[in-house]
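Participant: Sharing a structure with you now.
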Amino acid sequence: MTTPYELWDEARGAEIIAEHAQQEGATLVILHALQEAFGYVPEAAIPMVAQALNLSRAEVHGVFTFYHDFRHKPAGRHVLKLCRAEACQAAGGDALAARAEAKLGVSLGNTTADDRVTLEPIYCLGLCATAPSAMLDGRLIGRLDQKRLDALVAEAQR
Amino acid sequence: MSMRLYVSRDAGALAVGADEVALALEQAAAKRGVAVEIVRTGSRGLYWLEPLVEVATPQGRIAFGPVTESDVPSLLDALASNTPHLLRLGATDEIPWLKRQTRLTFARCGVIDPRSLDDYRAHGGYKGLERALSLGSDAILTEVTASGLRGRGGAGFPTGIKWKTVAQAKADRKFIVCNADEGDSGTFADRMIMEGDPFLVIEGMTIAGLTVGATKGYIYIRSEYPHAVEAMNAAIQAARRGGYLGDKIGGSAYSFDLEVRVGAGAYVCGEETSLLESLEGRRGIVRAKPPLPAHHGLFGKPTVINNVLSFAAIPFILAEGAKAYADFGMGRSRGTMPIQLAGNIRYGGLFETAFGVTLGELVDDIGGGTFTGRPVRAVQVGGPLGAYFPRALFDTPFDYEAFAARDGLIGHGGIVVFDDSVDMRRQARFAMEFCAIESCGKCTPCRIGSTRGVETIEKIIHGERVSENLALIEDLCNTMKFGSLCALGGFTPYPVLSALKHFREDFVPAPTTLQAAE
């Protein structure tokens, strides 16, 4: 599978920033747009955002680091998110998270050495009545059990 | 004549295979040369029956569920020959779990096509706005106040008073902000209504704008809800095309428009002032109050900020009148609450009912106990900041004051059920851990207290000076409760202290009988 993201390019970055810079309070909107295009927010983009919005680099860096969603480097080819909040804990999510960590050989929040899979915790997908739940590259999976989890991990490793 | 089928496109249904079932139905029908029209609705909220397939008949809709791809051929056979099927549930409206609800806010959810403005209008949509336009600001405020509606996000502040404050404020611009940062575990009502009946949220916000004199609104949706973001954006575009957003809405002299903004994975942004900071493009750091957002809110302007469910309750109140809403409920909790049954539960989903139903009825009777079949030991009500209740308190009625009187909160109406395998020490530690991860860092009790809390509970788990550390935790919780700037640090003590109080046996090792050495 090839990555769905573009390679970082300054002119393209500037174009994305210009597209949203006129909105009120545009910082998050721009960071989301950059990450959507490149798969992460390249460090080189931070001063460009600051300049476009008449903010300091520190302010933009502060926003970038405050939010869990923004990445400073690309994720693995697949991102597997496991819900770790209470409703999924109640439904056996702890054991499933441990199983995924063991199978992939990484702890939550990390990427496998071959860059294939990023395993992340997520705090609530809002699928609490069909817990435990997960998300693989944007696809939702509910009523997770060992068998389904193993299939997901295998799919992510492909 | 083609057969009309309904399959949900709600994220909760997609997570258990609704898309695959819809596709299988389409393909199998085509293969048989049967004409079918598949309408993708929101969810009825009976999640143990998802994917639910409904078929339109002259007598109303008939439901089947939970349907898997492999059930599709036999299902089509049964429909073609009008013969019984194992998954047949009968008329959807007669399913007892649905029938015993009072669906005022969720009346259309799971029924209509959420992408269709015509469908919304055909099912009573925009009647609230029509009446609001004829009433004018003062009369709307009277209605909303008389309905007794209190903020459904968790704080329970009277909506009418909030709106009146903004209406009376003088400013060149005012804003309407919808808090759709539904981060509490065990809650999904906002997500369901945004995915299943998005025009309802738009209508509620439009009425708010008309009332207070705001022409711009924002819906701040958490990034964990991509399907809700898509549904709201599609509905906003449809409402603009239909003349319900933009200039001269519904043929009136009034203008109002909406924009969706997406969060970025910070739980604390569900706190209203943090959300406003985030909307302005900054770190989601909590603001000190006063000034209230009603006076000094988004971009420093007077702002109505309400939860999705608060806005979603408004069209009914305007269309049917305040009394029709206030007739439901108990004490100072008027109307209905969309309650969400979640976690280790047999019949999980969305149960909208008048305030006053007891916790025991919700968990045992309606929820059917645990899906593991083991006894229910604890339920957490109101999200990660809500208290854990033991069976002994199952007589507590669902009401803001009744829960507060028992050191709990109803929050956003989520109930997470745990069976007897739960270790309450771990749940207490998780509450502190979650607070530490999500703290915005502005105030010391929350920022440092949560980390110290995790460490201290760790010590208790390892049996280190248990009684002293328990006293320390209680002291720390007091500091956090009274010294934190917002509900994150201020309410994290609820799950911790309730676990300590009601499940003490998990923290203190059972006394071992001393026996003389032989």
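The backbone N, Cα and C atoms fix where each Cβ goes, and this holds for glycine too.
Keep in mind it's a predicted model, so treat the numbers as computed, not measured.
Relevant sequence annotations retrieved from TrEMBL are reproduced here:
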type    : residues                             : note
BINDING : A:CYS83, A:CYS88, A:CYS124, A:CYS128 : [2Fe-2S] cluster binding site
Participant: Under 8 Å Cβ-Cβ from A:CYS128 ([2Fe-2S] cluster binding site), six or more apart in the same chain: what's there?
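Facilitator: Same-chain residues close to A:CYS128 ([2Fe-2S] cluster binding site) (Cβ under 8 Å, separated by 6 or more) are A:ALA85, A:ALA87, A:CYS88.
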Participant: Let me know how many other Cβ atoms fall within 10 Å of the Cβ of A:CYS88 ([2Fe-2S] cluster binding site).
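Facilitator: Other Cβ atoms within 10 Å of A:CYS88 ([2Fe-2S] cluster binding site): 32.
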Participant: Taking only same-chain residues 6+ apart in sequence, whose CB is under 8 Å from that of A:CYS124 ([2Fe-2S] cluster binding site), what do you get?
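Facilitator: Set apart from A:CYS124 ([2Fe-2S] cluster binding site) by at least 6 residues yet with Cβ under 8 Å, we have A:CYS83, A:ALA85, A:ALA87.
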Participant: If you count Cβ atoms within 10 Å of the Cβ of A:CYS83 ([2Fe-2S] cluster binding site), leaving out that atom itself, what do you get?
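Facilitator: The answer is 30.
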